[in-house]
Amino acid sequence: MSALACDGLTVGYGDGAPVIDGLHLDLAEGAVTALLGANGAGKTTLLRALTGLVPLRAGRILLGGTDLTGMSTEDRMRAGLGLVPEGRSTVVELTVDENLRLGGLWRHKAKARKAAVEEMYGLFPALDRRRRTPGHTLSGGERQMLALARALLARPRVLLLDEPSLGLAPKATAQLLGVLRETAARTGLTVLLAEQNAASALSVAERGVVLSLGAVAADRPAAELAADPALRHAYLGF
Amino acid sequence: MKTPLRALLLTVLALGGTFGLDPFRNYQLAAAAACFAAVAGLTVLVGLTGQLSLGHAVLMAAGGYGFAWAATAVDGPWPLALLAGLLAAALASGLLGLLLGAAAARLRGPYLAGLTLALVIALSAAAGALPLGGDQGVRAPFFPVPEALSALIAVEQWHAWLAITVAAAAVTPLAVLRSGPAGLRMRAVLDDETAARLSGIDPGRVKTGAFVASAIPAGLGGAVLAIATQQVTPGGYGLAFSLSLVVAAVAGGLGSIGGAAAGAVLVTVLPWAADELAALAPAELGRRLDGNLAVLLFGAALVALTLAWPGGAARLLHRARALRFATPSTTTER
Amino acid sequence: MDRLLFLLAAGLARGAVLALFALSLVIVWRAARVVNFAQAAMAAAAVYAAFHATAATGSYWIGLATGLAAGALLGAAVERGLMRRLPAHAPLPGIIVAIGLVMVLQAGLAIAFGPEHRPMHPPFSQRPFVIGGVPLLSPYDLFTLGAAAAVMAALALLFNRTPLGLRLRAAAFAPETARLAGVRVPRMVALGWALSAAAAALAALLLVPTELGLNPHAVDLLFVNAFAVAVIGGLDSPAGALLAGIGTGLLVSLVTGYASASAAPLAVLALMTLVLLVRPGGLLAAKEARTA
């Protein structure tokens with residue numbers, strides 16, 4: 001059973017040529033899938049289209065049994081989708097605690113929310129120490145943790161991550177991906193992890209999808225993908 | 001050379017056109033010419049540099065007061081008094097424009113709009129506090145028809161001639177400026193201040209310069225109005241009038257000088273037509289409609305035009321569209 | 001000395017109203033990145049609703065509630081009907097539409113109700129208490145101060161201490177991140193407009209009984225002064241609006257008392273220009289204001 005499926009997805013900006021062209025993708029329930037591809041392959045556009053931040057020209061998106069296609073971004077999130085966007089998605093004017101609570105406002109009643117927030121602080125002790133600090137004082141790694149924690153707080157069925165390793169030290173990346181893999185294994189969360197850093201993404205993923213020029217160029221088990229020298233050379237750059 | 005030639009041709013046509021109008025229409029034409037000069041200044045300012053001034057009426061008033069003062073003070077043949085008045089009008093409005101421009105260079109859209117709005121509201125207070133004659137205003141000298149022409153034309157037509165000539169002299173340099181390198185610099189600053197900086201353009205100087213270039217035609221417009229009405233009162237340059245200049249600029253298409261002419265005629269003729277219409281209504285309703293119907297129509301037009309065509313000028317629209325797809329907080333990878 | 005005390009006391013009540021109206025401008029600026037130039041006309045329309053409700057029922061309080069509700073409804077309607085249809089990220093169209101709305105509302109009010117000033121009666125006496133021979137605040141001044149302070153405190157609590165406030169702030173600061181957290185951003189923006197317009201209506205309702213009376217332009221000067229206050233305090237800063245409001249109220253009162261009433265707008269204009277030139281972001285701007 002697929003957790004997220006899209007079919008014939010076509011996306012473009014203005015009157016330009018499509019950036020995503022008739023894409024078909026199926027994410028297996030509970031699996032971590034790496035979304036790979038060179039800069040400009042369409043990874044970010046795909047994630048933004050799935051979450052409704054960029055309008056579709058054509059195609060359909062199904063989350064479990066729910067058709068997301070015409071929904072607003074916020075309704076897709078409430079239907080069980082989550083996105084950790086690229087870069088600094090911390091609301092810099094809010095404190096760490098406020099940023100985190102924001103993620104669970106619609107999901108939890110006041111009491112349950114408190115427990116869920118504490119659980120996240122347990123997962124990310126670095127944030128626990130900085131509850132009252134304003135978002136703009138956080139480091140890049142802390143912001144990325146905060147964005148992930150906020151997304152997890154809403155208990156999504158499918159979580160999309162856009163380049164979480166961007167601008168992070170290798171140690172921070174490893175820590176972040178570790179929490180992600182552990183949470184996915186524990187809760188059965190389905191993950192689509194877009195990364196330019198193919199090696200680290202494939203190390204946590206079961207499956208890899210390679211995007212090129214807005215279409216799926218390869219879709220294989222992660223180990224097989226990492227071992228294929230031709231693919232590695234053509235698309236993955238390692 | 002194309003722009004000045006075309007301007008000359010249009011001016012001669014307009015002068016000739018006055019023969020086809022009765023005295024009242026010629027008076028309206030003079031008022032429209034005054035508005036045209038101010039609206040042309042405003043439309044270039046908004047359309048090319050994106051700075052919205054709600055206070056161009058005050059710049060007109062500055063020109064009017066300057067004109068009235070200098071033209072009265074100079075005791076000589078009428079062309080001398082007229083020239084001195086116009087010079088003082090350009091100076092007064094240019095100086096005020098320079099002050100505003102210096103502030104504008106540091107401000108973004110809403111701040112500048114609010115500052116200029118406050119200026120309009122403060123005008124009548126300023127007229128009381130400064131030696132400007134309070135609410136009564138000051139008288140401007142009367143320029144009678146010269147001897148040689150007195151058999152040929154009425155005084156309203158003569159004033160229309162003066163108005164057209166002054167307006168043409170005020171707007172033509174603006175048109176030349178707009179299509180030259182200065183206009184290019186203004187567009188560069190509107191599009192992207194940082195990029196403009198990187199091309200060696202100082203956005204602050206460009207914005208200040210644009211404000212001055214916009215203020216002087218407005219001040220000359222005020223001088224024209226002083227010629228036609230022989231007085232300058234703060235009440236004549238109130239908020240409603242100042243906003244109608246914005247209406248004219250938007251209705252004509254921001255940035256377009258030809259559009260400014262059409263907009264100026266619209267905001268001169270429509271209030272009069274609306275009041276004529278109001279006079280036909282029964283007494284009580286007519287009294288309420290008087291002066292208000294035109295404002296209602298202007299406001300509705302402003303809302304409708306902006307909703308249908310945000311930004312008024314194609315450039316601004318283009319810019320808004322470009323920005324909508326690239327939200328500033330995220331870099332959009334494709 | 002007596003005169004100074006009296007003027008300071010009067011300035012305090014005036015400043016509270018100014019601060020409340022300025023706060024309404026800050027709220028809508030934070031919610032939608034728009035300076036609502038139509039705030040005065042919208043507030044005037046709400047006061048007309050209050051006036052007629054009071055005239056029909058004889059109760060000031062029913063009028064007050066009607067005015068607040070009318071303000072909130074008008075605010076939400078303006079957002080839903082007009083502002084939402086404009087492109088984001090370009091400030092000019094929003095300002096121009098607001099200007100158009102001012103013209104429509106004020107001309108419409110004048111046509112519907114006539115241009116004359118209609119006297120509005122305050123619910124409490126305007127005769128000042130005399131303490132130690134010095135006339136100080138009147139009961140109505142105290143009511144004004146109390147109402148403005150209570151509403152500002154309630155708004156501060158709402159924004160800073162409740163989940164709804166967190167949603168409102170997130171939607172205002174970072175709409176996209178808020179959407180990704182499941183916040184219904186369009187609803188929050190409309191709510192911000194409604195809150196803002198209701199606060200402005202309250203400020204106008206408190207002011208009008210102390211002035212000449214109700215007229216389509218009765219709130220214009222309050223708007224201009226409140227805009228100056230919001231700019232002086234920093235458009236992004238509610239605390240700035242409060243402090244600058246009280247300060248400007250005192251300034252206006254002193255200038256009016258010692259110089260003349262017509263010098264007061266000039267003093268406010270001069271103060272605003274000075275602040276804009278020295279600190280373009282306002283006195284309490286924490287950092288470079290976000291661009292629109």
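Backbone N, Cα and C atoms are what each Cβ position is placed from, and that goes for glycine too.
Going by TrEMBL, these are the annotated features:
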TRANSMEM  C:6-27  transmembrane segment
TRANSMEM  C:34-53  transmembrane segment
TRANSMEM  C:59-78  transmembrane segment
TRANSMEM  C:90-113  transmembrane segment
TRANSMEM  C:142-159  transmembrane segment
TRANSMEM  C:188-208  transmembrane segment
TRANSMEM  C:214-235  transmembrane segment
TRANSMEM  C:242-260  transmembrane segment
TRANSMEM  C:266-286  transmembrane segment
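Between the transmembrane segment (C:142-159) and the stretches C:6-27, C:90-113, C:188-208, C:266-286, Cβ pairs under 8 Å are most numerous for C:6-27. Counting Cβ pairs under 8 Å to the transmembrane segment (C:242-260), the stretch among C:6-27, C:34-53, C:59-78, C:90-113, C:266-286 with the most such contacts is C:6-27. Tallying C-beta pairs under 8 angstroms between the transmembrane segment (C:90-113) and each of C:59-78, C:188-208, C:214-235 places C:214-235 first.
Taking every listed stretch (C:6-27, C:34-53, C:59-78, C:214-235, C:266-286) in turn, the largest tally of C-beta pairs under 8 A with the transmembrane segment (C:188-208) is reached by C:59-78.
Only residues 6 or more beyond the boundaries of the transmembrane segment (C:34-53), in the same chain, are considered here, and those with a CB under 8 A from a CB of the stretch are 21, 24-25, 28, 62-71, 74-75, 78, 83, 91, 94-95, 98-99, 101-102, 105-106, 109, 113, 118, 120, 193, 196-198, 200-201, 203-205, 208, 214-220, 222-223, 226-227, 235.
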